[in-house]
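Shown next, in structure tokens, is the structure this report addresses.
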Amino acid sequence: MILRRLLLAGSLLLATAFTSAKKADGPKISVTKFKDEPVNLFYFDDSDTVMFQDGKNGDVYVSRDAGANWDIVDVSGMRGKAWSLLPHPTDRTKAYIMSKGGTHWVTEDQAKSWREFTVDAELSRYEYPLVFHGKDSNRVMLLGHKCNGLDCKERTYYTTDGFKTVHLLMENGRHCAWAVSTPTFGEGLDLPKEVNDRIFCVVSGLHSSWAEANRLLYSDRFFKDEQGTEVPLDNGRAVSGVIRTASVQKYILAATKSARTNELALFVTDDASTWHRTEFDGHRVEEDAYTILESTSYSLQVDVVSTYSSTIGTLFTSNSNGTYFTRNIEHTNRNMYGFVDFEKISSIQGIILVNTVKNWEDVEKSNGVQKKVISKISFDDGRTFQPLKVGKHDLHLHSVTDATNSGRVFSSPAPGLVMGVGNTGGHLKDYLDGDLFVSDDAGINWRKALDDAHKYEFGDQGSVIVAVFDEGRTDKISYSLDHGKNWHKASLPDGVQIRAKVLTTAPGSTTLKFLLLGSAKADIGMEYYIISIDFAEMEERTCEEKDFENWPARLNEKNEPDCLMGHKQFYRRRKAQADCFIKKKFEEPAPEFERCKCTEEDFECDFNFVRGEDGKSCIPSRSLIAPEGVCKNPDDKFTGSSGFRLIPGNVCIREGGVDLDKQTERVCSETFKNPPAGQIVVEKSFFTADYYKDYFYLERKESSKGEDETVIMITSEQQIFLSRDHGKKWKQILEEEKITRIEPHRFFDDVAYFLTNNGDGWYTLDRGDTFRKFKAPLPPNQDKLPVLSFHPDRRDWLIWTGADECNGNGGNCHSVAYYTTNLGGEWHFLMRYVRRCEFISRDARGSSDKLVFCEQFENENPSNKHLQLLSTEDWFAEKRLHYSNILDFATMQEFIIVAIRGENSQDSLRIGVSIDGKTFADAELPANVQIPIQRAYTVLESRTHAAFLHVTINNIEDHEYGSIIKSNSNGTSYVLSLSAVNRNSRGYADFEKMQGLEGVAMANVVGNVADVENGAAKKFRTMITHNDGAEWTLMRPPDKDSEGRSYACSTKGGKPTDACALHLHSYTERADPRDTYSSPSAVGIMIGTGNVGDYLSLKSKADTFITRDAGITWEEVKKGKYQWEFGDSGSIIVLVPESTPTKTLLYSLDEGRSWKDFEFSEVEMQIQDISTVPSDTSRNFLLWGKEVGQGKKPGLATVNIDFSGLKERSKQCVLDEKKPEADDYYLWEPKHPLQPNGCLFGHRAKYHRKRPDKDCYNGRELQHLDSIGDICECTRSDYECDYNYEPQSDGSCARVAGLEPLDPKLVCTENPKAVEWYEPTGYRRIPLTKCQGGKQLNHIVAHPCPNKEEEFFKKHPRLRGIGLFFVILIPICLAATAGYYVYNHWDGKFGRIRLGETGSGGLFDRDSLLVSIPVSMVAGVVAVITALPLLVSSLWRSVSGYVRVPGGASSRRPYSSRDSFAARRSDYVGVVEDEDELLGTDDFDDDEEGDERNGQV
């Protein structure tokens, strides 16, 4: 124990000491006054040295006599710079003074001396700055950050020698911790040596910075020469979404959370290598809804929030490996900060004091109900609880949630002494209504000690108890020398009267000295006192043997010493009535143990067993594993685990005791759970309704417990059906309610709302397991607008848009918005006359959780049709007007995009864009995309740090099309990505991004635009991009069809042409928009229906195609059009005929290479849809349709197709993260079709994909992205055309005629920290690319920003003086020397020609290889002499490109072609007109004049 008391607040100054020498019958009290409040006060363990920090002026104080006298720590450079004062948690000699900058100080001798150390970073703004090793105090990590302008990176440093040297561990680590973080970690285990060096770090995802992509890495080499190894948390597989890790006793826990759920998964290890997922007896564990409590060396204690209230929990205790948790007590009292009324009595095993909520049912129904809190105590480690008793009355004590002192609330190492403030009666009253109570038998019996609330502390192993009045100001202290039976008072000297803030003593409570911190009013503000209370001078005698008793720490119901963990516990403590002091300073009382015979309580459930419903038996949690070769038949028997094991660390006596872990005979049938049937299983269900109106999956996410696959359906008869097993069995729900619509939560897959027309509603938070009713403030609106708006991060926050004054009599019917933060428990008015209100996500914006945008009719008058866009961060107590007269707004990942009408009806729409939700900027649209009047935008997608918009060009019915424009990274500057993209009358466009792989998208364009403008029907072609819309190409058709025949058209050299390409039916033709080409879990695979030819043909003539390499190559799998669905992350693909009655389906187990027929119905069915869970990870599929053949049954039918029993999919695939290609998986690298080096977005990524020939299943969602390998050099594919530039037929970018690029100097004004600006080149980097070096097409000619010349030239040093002289001279000298040598040694000399000679074959013969270089160099002499004036000119102009030089060129032409640029190095700053000649690239001169006229680069 180091820090038992932590103070909150200010500092000190002034040091005026008053000393009052008390009589022998009272303590000596010394008072020191300070101007500012002390903070971070702590004792060095086993010493009288105390320190605290003046948080106001940055000084640190130290006392070496337990607080009687104080000195400022005066080390060179430290005064006034202390930002925090931190004791080492396990080393009693060390402490750290941290400054805000990079200089800090450490002491290793209890503040006698200090040593300075520096780190090249500021302290972390989000984490505790130091992370300590549990066993080696010299090993510490420091968490900091370093900023370069607005770009800040988290940095983690480490030391292994107590900060004598400091090393960088990693950048951008979100949280790092030592594996050995506690002194007890690994006790009793033979851990490998490398675990002592092991570090765990939570880092961002490879492709995403969102929390759900976080990874947990470890390294045994401080991440030297490695990126770390991903921790296999779940059965050998890595898990994404790691929030953080925590160490408690001998356990390390890791919490993970998947996207779209609040539910967490907790993983635990006790050896830093093998991890297990924890199970909480069927209870959900949610984010910010659990608290890891003080635990033991043999179990973890965790309090988990109850389902519907954040301030009521359930206490769980784990088995010895932390895997299985059982409920101890329900309805524990918590507060909104996660503190729980729970405390273990210090130094005594098994005694726990908790507070619970008596009226929990009422509290869960309404947040306005006041909790009635009662106290309970357990003497058997939480198995049973009983009330606290003062005589016959129940006692209730204030606990952790409203603690008023630092350190423990009730107890200390003083054996058996427990105190608290509370009251007797039915429940706990206010703190100020409480009295002080004491128990000296560890909580069995209690008595009142003092009237009114007091702070209290124990000293001299309980011989002395000190208390101070805590309901107001006081000038006295109280103390007891007989376990709180009798009390005495002592006055503070010189009339000092204070409001007590902290009463504390040295850790261990073994000294006779106490410290009291208090405040008092001063002439100006407040003043503070530290009061030293010393009982040593009372001159009591030292206790002798007769003054002690052998006290049993725990008693059972018979008042006999009780056993726990196989032993009884006793303490030798001073008798209450003894008139003596123990005086064993810094020597804590040691317990004595007496072993007991083993009982049932000494055993726990063995691995793979859990407690049965009776709470006594242990039943298998999964199928048992029999010895090899034993179980040949289900009826065979084998000897296996009884289900029990002795709790590790338990020392009970086996002989004569209970023996629950004795092996027992088991039946082999227990080793098979759901034995594979070897075939596909079908379950068909019928409904009275004719068809379904809609269905929704409430998908269980990776971090969610359970095995359910929940589907909810609403039928044409308004019936609601629920299935928890993917449609095998259905049950009707909410039968008595008139449900008119179902609203699944947009952001949380566990949640759905069921609404009626009168404002009543129901919701589920657990995927239909339970339902709860709510009442809305108004009926749903009548404007066909969304009724509910959901918060992206806060599950319980809603906005309800209801109808007001809509009584059917004309009236003033309008929509009004209300909000709730507790699932409709309480509603609050937000705004009237609204069209729509939305919560805005804060993740990418750093804004408030309360950021809300609303569209409101101007002047609250719907008739004028003018909508204004308003926002608020305080529920419209204050509001901000962004735009008037808007058309609509949309939110998409990073961007908020607004369509604004012009002032006149003839004006085109404008676009406003914001990233932070506060500041909007007008978007710069490409001039070659004209937006006609009253025509719309469609916001397509923005997951790749750029917004895609479809801008309507032709809005005539059945002739609609438009252009896709793409933004830069802040959404303000748009360029044309693709023209003539098809859309329909509802505004939907034929555009779809591939799921699971960034940057790949497909779109259907109108191929006959000129004809369409004249009234002809549209003809479509399919285009694909592999670099996020920078370049589009037609799709390459297969070489042969599914029957092995060639197509009627042919490609050109394997490349698609206008006359021969693959075209697929797209978004606008789908009956269900959820039926996408691709799946997020089947990486690289897409399926579509279409044809090969010049245009897309009718859908009735379509065939079905597949790609396995993200659209580079395609294969026809079947003639005709099919509906498709992916299962088990693509290891199962199912096809069913579309629009054709059938009783069979097709399935593939090898990514579509081969197909098998399966008959799922005896009667032909018309299948309307095929579905599975949205992640496509299930082995179950659901067909929706009707029977139409002979013997048909009426009504809607669903057919569940279950592949989990199929032999080929009955065994789970093996993935070894260290050897990802060793077993059932291989690493697949996506490629760009136009890049030979395999790079995509500037890097090579590798994805886990199951080997098609392996007979196994993937299981729950696989973390597909394995690694990002080499970072590639930049190429043309990493760039797109800049604003006012457009792509040419050869792929280059040329400026649109008559238009100018954006002012490049704006970067200097928009970013005050910018150092330079670059001349426009026509290119800009794709926001998604990670490339480095190579072609810098966007950064060629640089100029300094105003007043940034000095920083600019540090970044770009100039060549001048002697350096410039030698650059010119050295090539001339080398060429001249070589020429002279060749002239004097070559036998031919210049001008000598000999006909008919065969040559001497000498070293310097003309044919000698060695002559070729000197000849070139001689030729170079002439070239250099000729080029010298040009070289000097070029160098001069290069220098003048940086600064103004008299006579320097004021302008230069850009590179004239991509090829001429490629011939030069990217580190040239300027190039003169004749430099191509100098560098030998005159072969491009023919192109330059024309290219320059076109503005082509």
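Using N, Cα and C of the backbone, Cβ positions are placed for all residues, glycine too.
Reduced to three states, the DSSP call for N321 (N-linked glycosylation site) is coil. Per Swiss-Prot, N-linked glycosylation site is recorded for N321 (among others), and the stated evidence type is sequence analysis.
Sequence annotations record features per position, and here Swiss-Prot assigns N-linked glycosylation site to N970 (among others). For N970 (N-linked glycosylation site), the count of additional Cβ atoms within 10 Å of its Cβ stands at 18 [all protein chains shown].
For 1474-1497, the entry in Swiss-Prot reads region 'Disordered'.
What Swiss-Prot records for 377-386 is repeat 'BNR 2'. Sequence-distant contacts of the repeat 'BNR 2' (377-386) (same chain, six or more residues past either end, CB-CB distance under 8 Å): 296, 299, 301, 315, 317, 328-329, 349-354, 442-444, 554-556, 562, 564, 601.
Taken from Swiss-Prot, the feature repeat 'BNR 5' covers 721-731. Averaged over the repeat 'BNR 5' (721-731), the predicted model has a pLDDT of 97.
Under the heading repeat 'BNR 7', Swiss-Prot lists 1147-1156. Per DSSP, the repeat 'BNR 7' (1147-1156) is made up of 0 helix, 3 strand, 7 coil.
What Swiss-Prot records for 1-21 is signal peptide.
The topological domain 'Cytoplasmic' annotation in Swiss-Prot covers 1383-1408.
The transmembrane segment annotation in Swiss-Prot covers 1362-1382 (among others).
The transmembrane segment annotation in Swiss-Prot covers 1409-1429 (among others).
Under DSSP, the residues of the repeat 'BNR 5' (721-731) split into helix, strand and coil as follows: 0 helix, 5 strand, 6 coil. Residues of the same chain lying 6 or more positions beyond the ends of the repeat 'BNR 5' (721-731) and with a Cβ under 8 Å from any Cβ of it are 683, 685, 687, 708-715, 767-769, 1172-1173, 1178, 1180, 1182, 1198-1200, 1202.
Note: the Cα of N970 (N-linked glycosylation site) and the Cα of N321 (N-linked glycosylation site) are spaced 49 Å from each other. In sequence order, V268, D270, H276, F607, P648 make up the list of same-chain residues 6 or more apart from N321 (N-linked glycosylation site) whose Cβ falls under 8 Å from its Cβ. Taken residue by residue with DSSP, N970 (N-linked glycosylation site) is part of neither helix nor strand, so it is coil.
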